[in-house]
Amino acid sequence: MDAQDVKSNLVLILDFGSQYTHLITRRIRALNVFSLCINGTSPLKSITDLNPSLIVQQMGGVVRVGEKQEYGRMEIEVGIAEGLFGNKKVGDRQNVWMSHGDEAVKLPEGFEVVARSKQGAVAAVQNQRKRFYGLQYHPEVTHSQPEGMETLKYFLFDLCGITAGWTMEDVLDEELKVIKSTVAPEDHVICALSGGVDSTVAATLVHKAIGDRLHCVFVDNGLLRWRERERVLETFEKDLHLPVTCIDAVDQFLSKLKGVTEPEKKRKIIGNEFINIFDAFAHDLEKKLGRKPAYLVQGTLYPDVIESCPPPGSGRTHSHTIKSHHNVGGLPKDMKLKLIEPLKLLFKDEVRELGKIMGVPQGFLKRHPFPGPGLAVRVPGDVTLENRLDILRKADEIFIQSIKDAGIYDSIWQAFAVFMPVLTVGVQGDQRTHSYAITLRAVTSQDGMTADWYIFSSD
(Lines of atoms letter the chains of each structure in order from A; the text may use other names.)
(Lines give C-alpha, C1' and ligand atoms only; values in the text may rest on other atoms or scores of the structure.)
Protein backbone atom coordinates (compact mmCIF):
# COMPACT_ATOMS: atom_id res chain seq x y z
CA MET A 1 0.00 0.00 0.00
CA ASP A 2 1.50 3.38 -1.00
CA ALA A 3 1.61 6.42 1.27
CA GLN A 4 -1.51 8.01 -0.22
CA ASP A 5 -3.55 4.82 0.27
CA VAL A 6 -2.36 4.64 3.87
CA LYS A 7 -3.50 8.23 4.51
CA SER A 8 -6.88 7.66 2.87
CA ASN A 9 -7.47 4.65 5.12
CA LEU A 10 -6.43 6.36 8.34
CA VAL A 11 -8.43 5.63 11.49
CA LEU A 12 -8.18 8.46 13.99
CA ILE A 13 -8.58 7.92 17.75
CA LEU A 14 -9.59 10.97 19.80
CA ASP A 15 -8.19 10.77 23.32
CA PHE A 16 -10.43 12.14 26.06
CA GLY A 17 -8.36 10.65 28.86
CA SER A 18 -9.14 6.94 28.56
CA GLN A 19 -6.50 4.58 29.93
CA TYR A 20 -7.18 2.27 26.98
CA THR A 21 -6.62 4.78 24.16
CA HIS A 22 -3.20 3.41 23.23
CA LEU A 23 -4.53 -0.15 23.24
CA ILE A 24 -7.34 0.70 20.82
CA THR A 25 -4.78 2.28 18.50
CA ARG A 26 -2.56 -0.80 18.73
CA ARG A 27 -5.40 -3.27 18.14
CA ILE A 28 -6.43 -1.46 14.95
CA ARG A 29 -2.84 -1.50 13.70
CA ALA A 30 -2.74 -5.24 14.37
CA LEU A 31 -5.39 -5.51 11.63
CA ASN A 32 -2.95 -3.82 9.18
CA VAL A 33 -4.80 -0.51 9.34
CA PHE A 34 -2.87 2.67 10.15
CA SER A 35 -4.25 4.41 13.24
CA LEU A 36 -3.23 7.57 15.09
CA CYS A 37 -4.19 8.91 18.52
CA ILE A 38 -4.60 12.67 19.04
CA ASN A 39 -5.99 14.83 21.82
CA GLY A 40 -9.79 14.90 21.92
CA THR A 41 -9.78 18.69 22.25
CA SER A 42 -7.75 19.23 19.08
CA PRO A 43 -9.17 21.89 16.72
CA LEU A 44 -11.55 20.53 14.09
CA LYS A 45 -9.23 21.68 11.30
CA SER A 46 -6.30 19.65 12.67
CA ILE A 47 -8.59 16.60 12.64
CA THR A 48 -10.02 17.13 9.15
CA ASP A 49 -6.54 17.91 7.77
CA LEU A 50 -5.59 14.32 8.59
CA ASN A 51 -8.52 13.16 6.42
CA PRO A 52 -9.61 10.24 8.63
CA SER A 53 -12.17 7.70 7.42
CA LEU A 54 -14.15 8.04 10.65
CA ILE A 55 -14.82 10.96 13.05
CA VAL A 56 -16.84 10.36 16.25
CA GLN A 57 -18.32 13.28 18.19
CA GLN A 58 -20.79 13.95 20.93
CA MET A 59 -24.33 13.98 19.50
CA GLY A 60 -26.45 14.87 22.54
CA GLY A 61 -28.58 12.73 24.82
CA VAL A 62 -28.48 12.28 28.59
CA VAL A 63 -25.84 10.43 30.61
CA ARG A 64 -25.92 10.05 34.39
CA VAL A 65 -24.31 7.99 37.14
CA GLY A 66 -25.69 4.46 36.88
CA GLU A 67 -27.56 2.81 39.72
CA LYS A 68 -25.59 -0.37 39.05
CA GLN A 69 -22.08 0.50 37.98
CA GLU A 70 -20.37 -2.07 35.79
CA TYR A 71 -16.73 -3.08 36.16
CA GLY A 72 -15.03 -6.24 34.97
CA ARG A 73 -16.31 -9.11 32.85
CA MET A 74 -19.98 -8.78 31.87
CA GLU A 75 -22.30 -10.56 29.46
CA ILE A 76 -24.12 -8.51 26.80
CA GLU A 77 -26.95 -9.52 24.49
CA VAL A 78 -27.51 -8.34 20.91
CA GLY A 79 -30.91 -6.68 20.44
CA ILE A 80 -30.63 -5.57 16.81
CA ALA A 81 -28.71 -7.65 14.27
CA GLU A 82 -28.01 -4.74 11.94
CA GLY A 83 -25.29 -2.16 11.57
CA LEU A 84 -22.74 -2.63 14.34
CA PHE A 85 -23.83 -6.24 14.93
CA GLY A 86 -24.80 -7.03 11.35
CA ASN A 87 -22.74 -10.20 11.57
CA LYS A 88 -24.64 -11.43 14.64
CA LYS A 89 -28.12 -12.71 15.44
CA VAL A 90 -30.70 -11.22 17.80
CA GLY A 91 -30.19 -12.86 21.18
CA ASP A 92 -26.50 -13.65 20.62
CA ARG A 93 -24.48 -13.21 23.78
CA GLN A 94 -20.82 -12.50 24.42
CA ASN A 95 -18.58 -11.74 27.37
CA VAL A 96 -16.99 -8.28 27.32
CA TRP A 97 -15.00 -6.06 29.67
CA MET A 98 -16.87 -3.18 31.30
CA SER A 99 -15.29 -0.21 33.08
CA HIS A 100 -17.84 2.54 33.65
CA GLY A 101 -20.00 4.08 36.35
CA ASP A 102 -22.26 6.09 34.03
CA GLU A 103 -25.10 4.99 31.78
CA ALA A 104 -27.03 6.49 28.87
CA VAL A 105 -30.63 7.15 29.96
CA LYS A 106 -31.74 9.12 26.90
CA LEU A 107 -30.31 8.60 23.44
CA PRO A 108 -29.80 11.39 20.88
CA GLU A 109 -32.42 11.65 18.17
CA GLY A 110 -32.06 8.95 15.53
CA PHE A 111 -30.06 6.57 17.76
CA GLU A 112 -31.13 3.09 18.82
CA VAL A 113 -29.92 0.55 21.37
CA VAL A 114 -28.38 -2.48 19.66
CA ALA A 115 -27.07 -4.34 22.74
CA ARG A 116 -27.61 -4.33 26.50
CA SER A 117 -25.68 -5.73 29.44
CA LYS A 118 -27.00 -8.49 31.65
CA GLN A 119 -28.09 -5.77 34.07
CA GLY A 120 -30.04 -3.98 31.35
CA ALA A 121 -27.64 -1.07 30.83
CA VAL A 122 -27.03 0.25 27.31
CA ALA A 123 -23.96 -1.51 25.89
CA ALA A 124 -24.05 -0.39 22.24
CA VAL A 125 -25.90 2.27 20.21
CA GLN A 126 -26.02 3.35 16.59
CA ASN A 127 -27.47 5.81 14.11
CA GLN A 128 -27.19 4.05 10.78
CA ARG A 129 -28.39 7.03 8.73
CA LYS A 130 -25.59 9.24 10.10
CA ARG A 131 -23.26 6.26 10.43
CA PHE A 132 -22.46 6.81 14.09
CA TYR A 133 -21.76 3.85 16.34
CA GLY A 134 -20.90 3.64 20.03
CA LEU A 135 -19.87 0.97 22.53
CA GLN A 136 -20.04 1.18 26.33
CA TYR A 137 -17.47 -1.57 26.78
CA HIS A 138 -13.90 -2.28 25.73
CA PRO A 139 -13.64 -4.56 22.66
CA GLU A 140 -9.88 -4.00 22.54
CA VAL A 141 -8.87 -5.61 25.85
CA THR A 142 -7.86 -9.24 26.25
CA HIS A 143 -10.88 -10.02 28.43
CA SER A 144 -13.26 -9.17 25.54
CA GLN A 145 -11.68 -11.63 23.12
CA PRO A 146 -12.22 -13.16 20.66
CA GLU A 147 -15.54 -11.37 20.03
CA GLY A 148 -14.00 -7.95 20.70
CA MET A 149 -11.61 -8.13 17.76
CA GLU A 150 -14.38 -9.54 15.58
CA THR A 151 -16.47 -6.45 16.38
CA LEU A 152 -13.55 -4.14 15.55
CA LYS A 153 -12.95 -5.97 12.27
CA TYR A 154 -16.60 -5.75 11.26
CA PHE A 155 -16.73 -2.08 12.20
CA LEU A 156 -13.57 -1.17 10.26
CA PHE A 157 -13.94 -3.28 7.15
CA ASP A 158 -17.71 -3.72 6.70
CA LEU A 159 -19.13 -0.51 8.12
CA CYS A 160 -16.32 1.96 7.47
CA GLY A 161 -15.01 0.41 4.27
CA ILE A 162 -11.40 0.57 5.42
CA THR A 163 -8.86 -1.33 3.31
CA ALA A 164 -6.26 -3.33 5.23
CA GLY A 165 -2.79 -3.20 3.78
CA TRP A 166 -0.56 -1.13 6.05
CA THR A 167 2.65 -3.06 6.74
CA MET A 168 6.09 -2.50 8.21
CA GLU A 169 7.48 -2.80 4.68
CA ASP A 170 5.40 0.29 3.84
CA VAL A 171 6.80 2.08 6.89
CA LEU A 172 10.36 1.19 5.90
CA ASP A 173 9.92 2.47 2.33
CA GLU A 174 8.22 5.66 3.46
CA GLU A 175 10.77 6.47 6.19
CA LEU A 176 13.68 5.89 3.82
CA LYS A 177 12.12 8.38 1.39
CA VAL A 178 11.54 10.92 4.16
CA ILE A 179 15.10 10.67 5.49
CA LYS A 180 16.65 10.91 2.02
CA SER A 181 14.53 13.95 1.16
CA THR A 182 15.23 15.60 4.53
CA VAL A 183 18.98 15.12 4.84
CA ALA A 184 20.84 17.02 2.13
CA PRO A 185 23.66 15.19 0.27
CA GLU A 186 26.32 17.18 2.15
CA ASP A 187 24.71 16.84 5.60
CA HIS A 188 26.03 14.59 8.36
CA VAL A 189 24.00 13.02 11.17
CA ILE A 190 24.93 11.86 14.66
CA CYS A 191 23.26 9.25 16.87
CA ALA A 192 23.84 8.24 20.48
CA LEU A 193 23.51 4.46 20.70
CA SER A 194 22.42 3.11 24.07
CA GLY A 195 22.61 -0.55 23.13
CA GLY A 196 18.83 -0.80 23.28
CA VAL A 197 16.42 -1.86 20.54
CA ASP A 198 14.98 1.59 19.79
CA SER A 199 18.18 3.54 19.15
CA THR A 200 19.69 0.58 17.28
CA VAL A 201 16.74 0.21 14.90
CA ALA A 202 16.60 3.99 14.39
CA ALA A 203 20.32 4.11 13.59
CA THR A 204 20.08 1.11 11.25
CA LEU A 205 17.24 2.79 9.36
CA VAL A 206 19.09 6.10 8.98
CA HIS A 207 22.30 4.30 7.99
CA LYS A 208 20.35 2.45 5.32
CA ALA A 209 19.23 5.81 3.94
CA ILE A 210 22.44 7.90 4.08
CA GLY A 211 25.27 5.42 4.64
CA ASP A 212 28.42 6.51 6.46
CA ARG A 213 27.26 10.11 6.78
CA LEU A 214 25.73 8.74 9.99
CA HIS A 215 28.13 8.89 12.95
CA CYS A 216 27.21 6.84 16.03
CA VAL A 217 28.64 7.05 19.52
CA PHE A 218 28.36 4.47 22.28
CA VAL A 219 29.35 5.47 25.83
CA ASP A 220 30.52 3.02 28.49
CA ASN A 221 29.52 4.85 31.66
CA GLY A 222 30.35 2.07 34.11
CA LEU A 223 26.65 1.43 34.72
CA LEU A 224 26.11 -1.20 32.05
CA ARG A 225 25.12 -4.85 32.39
CA TRP A 226 27.56 -7.78 32.41
CA ARG A 227 29.77 -7.65 29.27
CA GLU A 228 27.32 -5.18 27.72
CA ARG A 229 29.99 -3.17 25.94
CA GLU A 230 31.52 -6.16 24.19
CA ARG A 231 28.16 -7.67 23.24
CA VAL A 232 26.55 -4.59 21.71
CA LEU A 233 29.67 -3.45 19.86
CA GLU A 234 29.95 -6.87 18.25
CA THR A 235 26.37 -6.52 16.98
CA PHE A 236 26.90 -2.94 15.80
CA GLU A 237 30.11 -3.70 13.92
CA LYS A 238 29.81 -7.29 12.67
CA ASP A 239 26.07 -7.67 12.09
CA LEU A 240 24.83 -4.16 11.29
CA HIS A 241 28.06 -2.55 10.03
CA LEU A 242 27.26 0.69 11.82
CA PRO A 243 30.02 3.32 12.11
CA VAL A 244 30.40 3.49 15.90
CA THR A 245 32.83 5.35 18.14
CA CYS A 246 33.09 3.81 21.61
CA ILE A 247 33.98 6.17 24.46
CA ASP A 248 35.23 4.80 27.78
CA ALA A 249 33.85 7.22 30.38
CA VAL A 250 33.65 4.91 33.38
CA ASP A 251 35.87 7.03 35.65
CA GLN A 252 34.18 10.25 34.52
CA PHE A 253 30.70 9.03 35.49
CA LEU A 254 31.55 7.17 38.70
CA SER A 255 33.63 10.03 40.09
CA LYS A 256 30.64 12.36 39.65
CA LEU A 257 28.31 9.84 41.33
CA LYS A 258 30.54 9.22 44.36
CA GLY A 259 28.61 9.98 47.53
CA VAL A 260 25.33 10.73 45.73
CA THR A 261 22.32 8.89 47.16
CA GLU A 262 19.23 10.81 45.96
CA PRO A 263 17.75 9.03 42.88
CA GLU A 264 16.76 12.11 40.88
CA LYS A 265 20.12 13.73 41.49
CA LYS A 266 21.84 10.59 40.18
CA ARG A 267 19.69 10.75 37.03
CA LYS A 268 20.56 14.40 36.44
CA ILE A 269 24.28 13.82 36.93
CA ILE A 270 24.22 10.94 34.45
CA GLY A 271 22.20 13.00 31.96
CA ASN A 272 24.57 15.96 32.23
CA GLU A 273 27.64 13.79 31.72
CA PHE A 274 26.10 12.23 28.63
CA ILE A 275 25.47 15.74 27.30
CA ASN A 276 29.08 16.79 27.97
CA ILE A 277 30.44 13.71 26.19
CA PHE A 278 27.97 14.13 23.34
CA ASP A 279 28.93 17.80 22.93
CA ALA A 280 32.63 16.93 22.84
CA PHE A 281 31.96 14.21 20.26
CA ALA A 282 30.03 16.65 18.06
CA HIS A 283 32.81 19.23 18.21
CA ASP A 284 35.50 16.65 17.41
CA LEU A 285 33.39 15.48 14.48
CA GLU A 286 33.00 19.05 13.26
CA LYS A 287 36.79 19.50 13.23
CA LYS A 288 37.19 16.23 11.34
CA LEU A 289 34.50 16.99 8.76
CA GLY A 290 35.10 20.72 8.43
CA ARG A 291 31.40 21.35 9.01
CA LYS A 292 28.87 20.95 11.81
CA PRO A 293 26.66 17.86 11.85
CA ALA A 294 23.13 18.91 10.94
CA TYR A 295 20.87 16.27 12.51
CA LEU A 296 20.45 14.17 15.62
CA VAL A 297 18.76 10.75 15.51
CA GLN A 298 16.49 9.78 18.41
CA GLY A 299 14.67 6.49 18.95
CA THR A 300 11.46 8.12 20.19
CA LEU A 301 8.47 5.74 20.11
CA TYR A 302 4.74 6.43 19.81
CA PRO A 303 3.95 5.60 23.47
CA ASP A 304 6.40 8.37 24.44
CA VAL A 305 4.40 10.78 22.27
CA ILE A 306 1.02 9.63 23.63
CA GLU A 307 2.14 9.80 27.26
CA SER A 308 3.53 13.31 26.83
CA CYS A 309 0.16 14.72 25.70
CA PRO A 310 -1.52 16.79 28.43
CA PRO A 311 -4.94 15.44 29.40
CA PRO A 312 -8.10 17.21 28.23
CA GLY A 313 -9.27 19.82 30.72
CA SER A 314 -5.76 20.37 32.08
CA GLY A 315 -5.68 23.89 30.68
CA ARG A 316 -2.65 23.04 28.55
CA THR A 317 -2.64 22.75 24.79
CA HIS A 318 -1.96 19.51 22.95
CA SER A 319 1.75 18.95 22.48
CA HIS A 320 4.00 16.18 21.20
CA THR A 321 6.91 17.09 23.45
CA ILE A 322 8.52 13.82 24.42
CA LYS A 323 8.95 12.84 28.06
CA SER A 324 12.10 14.35 29.49
CA HIS A 325 13.89 11.03 30.03
CA HIS A 326 13.43 10.21 26.33
CA ASN A 327 14.87 13.52 25.14
CA VAL A 328 18.50 14.46 24.80
CA GLY A 329 17.47 17.43 26.94
CA GLY A 330 19.76 20.34 27.69
CA LEU A 331 21.98 20.04 24.64
CA PRO A 332 24.17 23.13 24.21
CA LYS A 333 22.39 25.77 22.12
CA ASP A 334 25.32 26.18 19.75
CA MET A 335 24.87 22.61 18.54
CA LYS A 336 21.57 23.57 16.83
CA LEU A 337 20.80 20.01 15.76
CA LYS A 338 17.54 19.21 13.99
CA LEU A 339 15.80 16.01 15.02
CA ILE A 340 15.23 12.85 13.02
CA GLU A 341 12.75 10.55 14.79
CA PRO A 342 11.96 7.76 12.32
CA LEU A 343 10.16 5.58 14.91
CA LYS A 344 7.93 8.22 16.54
CA LEU A 345 4.70 6.71 15.14
CA LEU A 346 5.52 3.10 16.07
CA PHE A 347 4.95 0.88 19.09
CA LYS A 348 7.69 -1.30 20.56
CA ASP A 349 6.59 -4.52 18.87
CA GLU A 350 6.34 -2.68 15.54
CA VAL A 351 9.90 -1.42 16.01
CA ARG A 352 11.05 -4.99 16.55
CA GLU A 353 9.26 -6.06 13.36
CA LEU A 354 10.90 -3.21 11.43
CA GLY A 355 14.29 -4.20 12.80
CA LYS A 356 13.72 -7.79 11.71
CA ILE A 357 12.98 -6.64 8.15
CA MET A 358 16.29 -4.71 8.10
CA GLY A 359 18.29 -7.68 9.35
CA VAL A 360 18.85 -6.75 12.98
CA PRO A 361 19.59 -10.09 14.73
CA GLN A 362 16.55 -11.63 16.44
CA GLY A 363 18.49 -12.20 19.64
CA PHE A 364 19.20 -8.48 19.83
CA LEU A 365 15.64 -7.43 19.00
CA LYS A 366 14.25 -9.62 21.77
CA ARG A 367 16.49 -8.10 24.43
CA HIS A 368 14.64 -6.78 27.47
CA PRO A 369 14.46 -2.98 27.89
CA PHE A 370 17.20 -1.34 29.95
CA PRO A 371 16.86 2.09 31.68
CA GLY A 372 18.80 5.09 30.39
CA PRO A 373 20.59 5.72 33.72
CA GLY A 374 21.59 2.05 33.73
CA LEU A 375 22.33 0.19 36.95
CA ALA A 376 22.32 3.46 38.89
CA VAL A 377 18.54 3.13 39.30
CA ARG A 378 18.90 -0.49 40.43
CA VAL A 379 21.33 0.31 43.23
CA PRO A 380 19.62 2.45 45.90
CA GLY A 381 22.07 4.87 47.46
CA ASP A 382 25.70 5.40 46.51
CA VAL A 383 26.56 3.17 43.54
CA THR A 384 30.32 3.52 44.10
CA LEU A 385 30.44 1.95 47.57
CA GLU A 386 32.33 -1.33 47.91
CA ASN A 387 31.71 -3.51 44.83
CA ARG A 388 27.94 -3.03 44.60
CA LEU A 389 27.85 -2.63 40.82
CA ASP A 390 29.90 -5.79 40.26
CA ILE A 391 27.69 -7.78 42.63
CA LEU A 392 24.59 -6.58 40.81
CA ARG A 393 26.05 -7.31 37.35
CA LYS A 394 26.82 -10.90 38.29
CA ALA A 395 23.43 -11.43 39.98
CA ASP A 396 21.60 -9.94 37.00
CA GLU A 397 23.54 -12.11 34.55
CA ILE A 398 22.76 -15.26 36.58
CA PHE A 399 19.06 -14.35 36.68
CA ILE A 400 18.82 -13.56 32.96
CA GLN A 401 20.76 -16.67 31.95
CA SER A 402 18.53 -18.78 34.20
CA ILE A 403 15.32 -17.64 32.52
CA LYS A 404 16.96 -18.17 29.13
CA ASP A 405 17.94 -21.71 30.12
CA ALA A 406 14.34 -22.29 31.28
CA GLY A 407 13.06 -21.17 27.86
CA ILE A 408 10.92 -18.34 29.25
CA TYR A 409 13.02 -15.27 28.38
CA ASP A 410 10.84 -14.33 25.40
CA SER A 411 7.68 -14.69 27.52
CA ILE A 412 8.88 -11.95 29.85
CA TRP A 413 8.88 -8.28 28.86
CA GLN A 414 11.53 -7.25 31.36
CA ALA A 415 13.48 -9.13 33.99
CA PHE A 416 16.21 -7.70 36.19
CA ALA A 417 17.98 -7.81 39.54
CA VAL A 418 18.08 -5.01 42.10
CA PHE A 419 20.84 -4.54 44.69
CA MET A 420 19.34 -3.96 48.14
CA PRO A 421 21.65 -2.05 50.54
CA VAL A 422 20.42 -4.21 53.42
CA LEU A 423 22.58 -6.82 55.12
CA THR A 424 20.92 -10.16 55.78
CA VAL A 425 21.95 -13.47 57.33
CA GLY A 426 22.43 -16.53 55.15
CA VAL A 427 24.28 -19.84 55.03
CA GLN A 428 26.91 -20.91 52.47
CA GLY A 429 28.19 -24.44 52.96
CA ASP A 430 28.88 -24.81 56.67
CA GLN A 431 29.35 -21.11 57.28
CA ARG A 432 26.96 -18.34 58.25
CA THR A 433 27.15 -15.27 56.02
CA HIS A 434 26.15 -11.66 56.52
CA SER A 435 25.80 -10.00 53.13
CA TYR A 436 23.59 -7.87 50.90
CA ALA A 437 20.25 -9.05 49.48
CA ILE A 438 19.30 -9.10 45.81
CA THR A 439 15.72 -8.62 44.61
CA LEU A 440 14.57 -10.26 41.37
CA ARG A 441 11.77 -8.78 39.26
CA ALA A 442 10.00 -9.97 36.09
CA VAL A 443 7.04 -8.36 34.34
CA THR A 444 4.96 -9.01 31.23
CA SER A 445 3.65 -6.48 28.71
CA GLN A 446 2.66 -6.23 25.06
CA ASP A 447 3.62 -2.67 24.21
CA GLY A 448 5.36 -1.31 27.30
CA MET A 449 2.45 0.92 28.32
CA THR A 450 0.76 -1.48 30.73
CA ALA A 451 2.42 -4.32 32.65
CA ASP A 452 1.76 -7.17 35.05
CA TRP A 453 4.02 -9.43 37.09
CA TYR A 454 5.24 -12.64 35.50
CA ILE A 455 3.95 -15.77 37.24
CA PHE A 456 6.79 -18.28 37.58
CA SER A 457 5.92 -21.95 37.59
CA SER A 458 6.67 -23.82 40.80
CA ASP A 459 7.84 -26.85 38.80
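Glycine residues also receive a Cβ, built from the backbone N, Cα and C atoms like all the rest.
Because TrEMBL annotations are produced automatically, they should be read as predictions rather than curated entries.
Going by TrEMBL, these are the annotated features:
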- SER194, GLY195, GLY196, VAL197, ASP198, SER199, THR200: ATP binding site (BINDING)
- 166-367: domain 'GMPS ATP-PPase' (DOMAIN)
Q. In the structure shown, with every protein chain counted, which of the binding-site residues GLY195, GLY196 has the densest set of Cβ atoms within 10 angstroms of its Cβ?
A. GLY195
Q) Near the ATP site, what residues other than SER194, GLY195, GLY196, VAL197, ASP198, SER199, THR200 in the same chain have a C-beta no further than 8 Å from the centroid of the listed C-beta atoms? A) LEU193, VAL201, ALA202, GLY299
Q: Could you check the binding-site residues SER199, THR200 and say which one's CB has the fewest neighbouring CB atoms inside 10 Å?
A: SER199
Q.
Can you give me the same-chain residues 6 or more apart in sequence from ASP198 (ATP binding site) with a CB-CB distance under 8 Å?
A. GLY299, THR300, LEU301, LEU343, LYS348, VAL351
Q. When a 10 Å sphere is centred on the Cβ of VAL197 (ATP binding site), how many other Cβ atoms does it contain?
A. 23
Q: Around the Cβ of SER194 (ATP binding site), how many other Cβ atoms lie within 10 Å? Please give the count over every shown protein chain.
A: 18
